[in-house]
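Peer 1: Take a look at this one; I'll ask things after.
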Amino acid sequence: MTKFNDDVSGLFSFSPAYVEYELTLPILRQLNNDIKLHIFYILTFGFRAFFLFPLRLLLLSSSFGFAAFWCLIVYFFSLTKQRKTWIAVTYCRLFCAGTGVIAKYHNEDKIPKQPGIAVSNHLSPNDIQIICANVNPNRDYLYTVTGQKHTGIIWVIESLVERINKSIWFDRGKANDRQLFIEQIMDEGRRAGPVLLFPEGYCTNNTHVLQFRKAVFTDDVTIYPIAIKQDARFGDSFWSEDLFYNYLIRLLTSWAAVYDIYYLDPQQKRSDETSDEFATRIQLLIANAIEKPAALFDGSVWYKPAERQKYRNALQLKCAWEVSSLMPPPSDAKRKEENEHKKVTFGFT
């Protein structure tokens, strides 16, 4: 089952482009005894570690300080919706500057509007800031932000966000919490929004688009697809580390986090479509926009052993079926010869 492991694990490790181009420690080991390349590596690493890192850390800290200041103001004063949008967009832009984001936004006339649900592929928790940073700060609404409850640094970010912007969080370990989460999203998406959602459910390294979960792909709601594409040669935005601060250090010492964000045409469920078919259609639209293949599985086959075994069994069955279909059925003459052989064999026993 090596093929299975390679197909799945390749989506949840460093991007191949990052490993090939970024001046990382594994590349240093491949430089052998070339003194010039070693000097070049040390100089570039010094530039990233001692210039880019403190500069970005200052910008990132300023984004948290800015958001915290306005959170205190919100406790004592009532702010207009437009003012809250300006605060959120400014915070997101400072955050993106602090994490080295260089983003180009395409088809801005198709930016999600109210009501509706905006869905996107997913690399890291920072995707929220990258998408929200491009909202017009004079608009009186941003996005209704959604996601899983976290701890540590991400908990701080989530706490700041919910003070200045509408948000819906859920606990992945509670089944009832998940159902309530979906109901809140659908209610918000139909009457207001736009709700920002990542239907893959898990982060990947942007080499594929995972299978979308079907829960929000129903009737009477407008879906706004957003496609995120990264150029990992300058830095991989995929969160692959166990601890978020380790990921943040790597991100802040990378050259840059280069993105292309594509806003696609709004979509609605067709009368002849099931929710599964609608979800798959949106998945393919996003995959085609970033020129990446659409995966036939979701992230649970990597993170959940039971789902991994289920997917492995399905692959084995598919392989067996394909192999058997390639084998031609025996001809009538061959079958007759085999039957005669069986009779002769039986007569001698």
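The backbone N, Cα and C atoms fix where each Cβ goes, glycine too.
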Peer 1: Labelled transmembrane segment by TrEMBL, one stretch among 35-53, 282-300. Can you tell me which?
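Peer 2: Going through 35-53, 282-300 one by one, TrEMBL gives transmembrane segment for 35-53.
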Peer 1: How many of the residues that make up the domain 'Phospholipid/glycerol acyltransferase' (116-231) does DSSP mark as helix, as strand and as coil?
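Peer 2: Counts, helix then strand then coil: 36 helix, 26 strand, 54 coil.
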